[in-house]
Amino acid sequence: MSAPTVQCQPSPARLRALPVRRLPSWTTAVVIVAALAAYPLVFADSAAHNIGILALTFGIAATGWNLLGGYAGQVSFGHALYFGTGAYTTALLVRDGWSPWLAIALSLPLAALFAAAVGWPCFRLRHHYYSIATIAVAEIVFILVTNLPGLGQANGWELPVVEPSLANLQFSLLDKRPYYYVALAFFCLAALAVWLFLRGRAGNYVRAIRDDQAAAAAVGIDVHRYKLAAAALSGAITALAGGFYVMYVLFVDPPSGLGLDLSVSFTLMAVLGGVGRFWGPLLGAWVLVFVQDVTRQEFSGSGRSVDLLLYGALIVLVSITEPGGLLAILQRLWGPIARRLGRTSRAETDPGPAESAEVKA
């Protein structure tokens, strides 16, 4: 006589008790967004605005990568595929007379479908085998696009310059602040999508899968389903960055939209800032874009190799100092200050014995 089959159902309450990092509070989010909004007002020159625009754009892509690679534990080196999906879809539709806003919006579900299609077979692989598979898929698409006449081949596409307006998502290059604030709005949208995903049941499940996939499957979590959900949202967010990027530079070709170095950059940004930390990818994007800009200015044409060397040195230094990334270092430095400020605040507001007795009464 066979033993009865016992079906385990995942308990949301028990999963919420897993030792995961807390999601950011609304107060933290408001402070960070306010600081970002003030940036172009404090730094008025066009070069600073360009750094901010690129940092926010790549911060969106790195945030998308972090959802899959950091929170779900599926390290992908093929996210340029989704960035390129956003860029090429937007460019194709805008060249045909579509609204850029609608073009970007349509690229998101397309990228989500691509991410799910890539994940369906690749998620059956584990660890570095999955990472290698994502590189292979992205490189196949890169070669196809490079050789397809309908997608511009190696020469790429230039987008037409039209009347500057919010509706056309083109603005005067003499004042890049509108681009910056659109990028900030898109980043807020991406961050909100990730936050909503992580605070729900799906977020608890993907983190459980990351921590111990076998245990997650044993308690009844549909591992493949929730990996695909994280991949789809991750792909859509990365496509959002690609769609905005092509409207900013008005050009896309295979290296700038689908290159392997893009995928590596998204990974580096998340790792440097703090992989699996909500604000880590944004911090990493700001640091790496700034380093890239400085090296390009200081070393002119040879700066490309120098910034890669500096990227590597930063990653090694941060990994040795604090594997949690720059954000963990900042939190470690801020912790004693916050505790000291908290003690001072309590000392200033703590009532005396007589007052305390009156309050209790």
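Any Cβ shown, glycine's included, is placed from N, Cα and C.
Among the features that TrEMBL reports, transmembrane segment is placed at 23-42, 48-68, 100-122, 129-148, 179-198, 228-251, 263-288, 308-330.
Comparison of 48-68, 100-122, 179-198, 228-251, 263-288 by number of C-beta pairs under 8 angstroms to the transmembrane segment (23-42) places 179-198 first. Using a cut-off of 8 Å between Cβ atoms, the transmembrane segment (179-198) and the transmembrane segment (308-330) share fewer than three residue pairs, counting only pairs 6 or more apart in sequence. Annotation: stretch 228-251 has the most Cβ pairs under 8 Å to the transmembrane segment (100-122), among 48-68, 129-148, 228-251, 308-330.
Under 8 Å from some Cβ of the transmembrane segment (228-251) lie the Cβ atoms of residues 53, 57-58, 60-61, 63-65, 67-68, 71-72, 74, 76, 79, 82-91, 94, 100, 103-104, 107-116, 118-120, 123, 156-159, 161, 169-170, 179, 182-183, 186, 189-190, 193-194, 197, 202, 206, 257, 266, all in the same chain and six or more residues away from its ends. Same-chain residues lying 6+ beyond the ends of the transmembrane segment (48-68) with a Cβ under 8 Å from its Cβ atoms: 36, 39-40, 74, 76, 79, 82-83, 176-177, 179-180, 183-184, 186-187, 190-191, 194, 197-198, 230-231, 233-238, 240-242, 244-245, 248, 262, 265-267, 269-270, 273, 275-277, 280-282, 284-286, 288-290, 293.
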